[in-house]
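A.B. asks: Below: one structure in structure tokens.
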Ligand SMILES: O=c1ccn([C@@H]2O[C@H](COP(=O)(O)O)[C@@H](O)[C@H]2O)c(=O)[nH]1
């Protein structure tokens, strides 16, 4: 998991995943399985990805009462994934319950999956915060507040935009994980994302991991797009 790139496998079937991963047959990737794929293929997709040697972020963004989240995490811990998440807006009792569930469910001799909290979705704008969510604070204040709740609840890090990473680094130091979606190549369409940065900007801003979906999965040549991502991260053209 020392590679900073997480590829979002936003596909609806294991066949689509297989044909995508064939393009990377010589590489162990850090992949993200989200709701679309997991709700259609279930836990067997996790086994298949593990057997192929990929690291896995299971991005289900749990958000429910503490007891439900704890019991769900207890089950997910048995899958042997590397990273899971919750919504920080579920509150600190829910986040502590998530960790308890993971600790109880992790089989002996295995490492507990790391657990992070979504602060504000990268598709959320400051205007949406005010007018739709009725949050009367800036995006940065809100992200910092949710990150503090996650940190103080014992979580390993957060999901946010790379735009907010310097603020979080200054407060929580280098070991607090930041997982940052909303990555686009320069001049690429944002689509539904709002708080976007380029791969190299994300690195300069100090993020731990970037999550990249459509820029790779929908590219004409996904393998070349992944290579471009690595070059741009390294500051090469
Ligand atoms: O705040 C968030 C949290 C999760 N995501 C997920 O990341 C990928 C991004 O996909 P792109 O195609 O690169 O936009 C996707 O799976 C989201 O569910 C996010 O974008 N923002």
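Placed from the backbone N, Cα and C atoms, the Cβ positions cover glycine too.
Positions annotated as domain 'Orotidine 5'-phosphate decarboxylase' by TrEMBL: 4-229. Annotation source TrEMBL lists substrate binding site at 10, 32, 59-68, 122, 184, 193, 213-214. The active site, for OMPdecase activity annotation in TrEMBL covers 59, 61, 64. Marked as active site, proton donor by TrEMBL: 61.
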A.B. asks: Measuring Cα to Cα, tell me the gap between residue 122 (substrate binding site) and residue 59 (active site, for OMPdecase activity) in whole angstrom.
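C.D. replies: Distance (Cα to Cα, whole Å): 14 Å.
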A.B. asks: Just to be sure I understand the contacts, which recorded positions have a Cβ under 6 angstroms from any atom of ligand 1? Candidates are 60, 61, 63, 64, 66, 122.
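C.D. replies: 122, by Cβ distance under 6 Å.
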A.B. asks: Who sits close to residue 61 (active site, for OMPdecase activity): which same-chain residues at least 6 apart have their Cβ under 8 Å from its Cβ?
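C.D. replies: Set apart from residue 61 (active site, for OMPdecase activity) by at least 6 residues yet with Cβ under 8 Å, we have 35, 85, 86, 87, 118.
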A.B. asks: Rounded to a whole number, how many Å is the Cα of residue 64 (active site, for OMPdecase activity) away from the Cα of residue 10 (substrate binding site)?
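C.D. replies: Just about 23 Å between their Cα atoms.
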A.B. asks: What is the total of other Cβ atoms whose distance to the Cβ of residue 10 (substrate binding site) is within 10 Å?
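C.D. replies: By my count, 18.
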A.B. asks: What is the Cβ neighbour count of residue 66 (substrate binding site) at a 10 Å cut-off, with all protein chains included?
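C.D. replies: Within a 10 Å radius of the Cβ of residue 66 (substrate binding site) lie 18 other Cβ atoms.
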A.B. asks: Can you tell me the mean pLDDT for the domain 'Orotidine 5'-phosphate decarboxylase' (4-229)?
C.D. replies: 98
A.B. asks: Who sits close to residue 213 (substrate binding site): which same-chain residues at least 6 apart have their Cβ under 8 Å from its Cβ?
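C.D. replies: For residue 213 (substrate binding site), the qualifying residues are 7, 8, 10, 32, 181.
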A.B. asks: Given the active-site residues 59, 64, which one has the fewest other C-beta atoms within 10 angstroms of its C-beta?
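C.D. replies: Output over active-site residues 59, 64: least Cβ neighbours within 10 Å is 64.
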